[in-house]
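Undergrad: OK, Swiss-Prot features for this one:
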type	residues	note
ACT_SITE	His47	active site
ACT_SITE	Asp89	active site
BINDING	Tyr27, Gly29, Gly31, Asp48	Ca(2+) binding site
DISULFID	Cys26-Cys115	disulfide bond
DISULFID	Cys28-Cys44	disulfide bond
DISULFID	Cys43-Cys95	disulfide bond
DISULFID	Cys49-Cys122	disulfide bond
DISULFID	Cys50-Cys88	disulfide bond
DISULFID	Cys57-Cys81	disulfide bond
DISULFID	Cys75-Cys86	disulfide bond
SITE	His1	site 'Responsible for the weak stability and toxicity'
SITE	Leu2	site 'Putative interfacial binding surface (IBS)'
SITE	Leu3	site 'Putative interfacial binding surface (IBS)'
SITE	Lys7	site 'Putative interfacial binding surface (IBS)'
SITE	Lys10	site 'Putative interfacial binding surface (IBS)'
SITE	Ala17	site 'Putative interfacial binding surface (IBS)'
SITE	Ala22	site 'Putative interfacial binding surface (IBS)'
SITE	Phe23	site 'Putative interfacial binding surface (IBS)'
SITE	Lys60	site 'Putative interfacial binding surface (IBS)'
SITE	Tyr103	site 'Putative interfacial binding surface (IBS)'
Amino acid sequence: HLLQFNKMIKFETRKNAIPFYAFYGCYCGWGGRGRPKDATDRCCFVHDCCYGKLAKCNTKWDIYRYSLKSGYITCGKGTWCEEQICECDRVAAECLRRSLSTYKYGYMFYPDSRCRGPSETC
């Protein structure tokens, strides 16, 4: 669920998804095209690919079980879809934390029109 993903991002990075990640680069937020701009944008690209493998699931709105304890995100038991969506979100949030040192404020509200070239394949 998008609100759960936002909480994971905040837990890992101490930044709110909106505004820091919702419009970042070419892949953070809705959709994406071209090449990822940096490590942060690549986290979002990989997250999009992860969701892409779950076409039968309601990736944006399914509510899943998870916990935020002792510095770790742990996904809980649920339906296959819930567990997979949680894992996609957990891995992405951890990736965003690892990419904090190269976060560029210039990519924060990056216009889609500047995302050119062939899109990478998952």
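Glycine is treated like the rest: Cβ placed from N, Cα and C.
How about a rundown of where these features are and what they're close to?
TA: Here the Cβ of His47 (active site) has 22 other Cβ atoms within 10 Å, regardless of which shown protein chain they belong to.
In three-state terms derived from DSSP, Asp89 (active site) belongs to a helical segment.
Taken residue by residue with DSSP, Tyr27 (Ca(2+) binding site) is part of neither helix nor strand, so it is coil. Other Cβ atoms within 10 Å of the Cβ of Tyr27 (Ca(2+) binding site), summed over all protein chains shown, number 27.
Listed in sequence order, the residues of the same chain lying 6 or more apart from Cys26 (disulfide bond) and placing their CB within less than 8 Å of its CB are Gly32, Arg33, Gly34, Arg35, Pro36, Lys37, Asp41, Phe45, Tyr110, Asp112, Arg114, Cys115.
Around Cys28 (disulfide bond), the same-chain residues at least 6 positions away in sequence with a Cβ under 8 Å from its Cβ are Tyr21, Ala22, Thr40, Asp41, Cys43, Cys44.
All protein chains shown were included, and the count of other CB atoms within 10 Å of the CB of Cys43 (disulfide bond) stands at 26.
Cβ neighbours of Cys122 (disulfide bond) (same chain, under 8 Å, six or more residues apart in sequence): Asp48, Cys49, Gly52, Lys53.
Under the DSSP three-state reduction, Cys50 (disulfide bond) is assigned to helix.
Residues within less than 8 Å, Cβ to Cβ, of Cys81 (disulfide bond) and separated from it by at least 6 positions along the same chain comprise Leu54, Lys56, Cys57, Asn58, Asp62.
Summarising the environment of Cys86 (disulfide bond), the number of other Cβ atoms within 10 Å of its Cβ, over all protein chains shown, is 24.
Taken residue by residue with DSSP, His1 (site 'Responsible for the weak stability and toxicity') is part of neither helix nor strand, so it is coil.
Within its own chain, Leu2 (site 'Putative interfacial binding surface (IBS)') has Lys60, Trp61 as residues 6 or more apart in sequence whose C-beta sits under 8 angstroms from its own.
Note: Leu3 (site 'Putative interfacial binding surface (IBS)') has no non-local neighbours, i.e. no same-chain residues 6+ apart with C-beta under 8 A of its own C-beta.
In the structure as shown, the Cβ atom of Lys7 (site 'Putative interfacial binding surface (IBS)') sits within 10 Å of 18 other Cβ atoms.
Counting every protein chain shown, the Cβ of Lys10 (site 'Putative interfacial binding surface (IBS)') has 15 other Cβ atoms within 10 Å. When secondary structure is read from DSSP and collapsed to three states, Lys10 (site 'Putative interfacial binding surface (IBS)') falls in the helix class.
The number of other Cβ atoms within 10 Å of the Cβ belonging to Ala17 (site 'Putative interfacial binding surface (IBS)'), over all protein chains shown, comes to 21. The secondary structure of Ala17 (site 'Putative interfacial binding surface (IBS)'), as reduced to three states from DSSP, is helical.
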Undergrad: Within 10 Å of its Cβ, which one of these recorded sites (His1, Lys60) has the largest number of other Cβ atoms?
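TA: Compared across His1, Lys60, the most Cβ atoms within 10 Å surround His1.
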Undergrad: Measure from the Cβ of Asp48 (Ca(2+) binding site) and count the other Cβ atoms within 10 Å, all protein chains considered.
TA: 20
Undergrad: Please classify the secondary structure at Cys122 (disulfide bond) using three-state DSSP.
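TA: Looking at the DSSP assignment, Cys122 (disulfide bond) belongs to neither helix nor strand, so coil.
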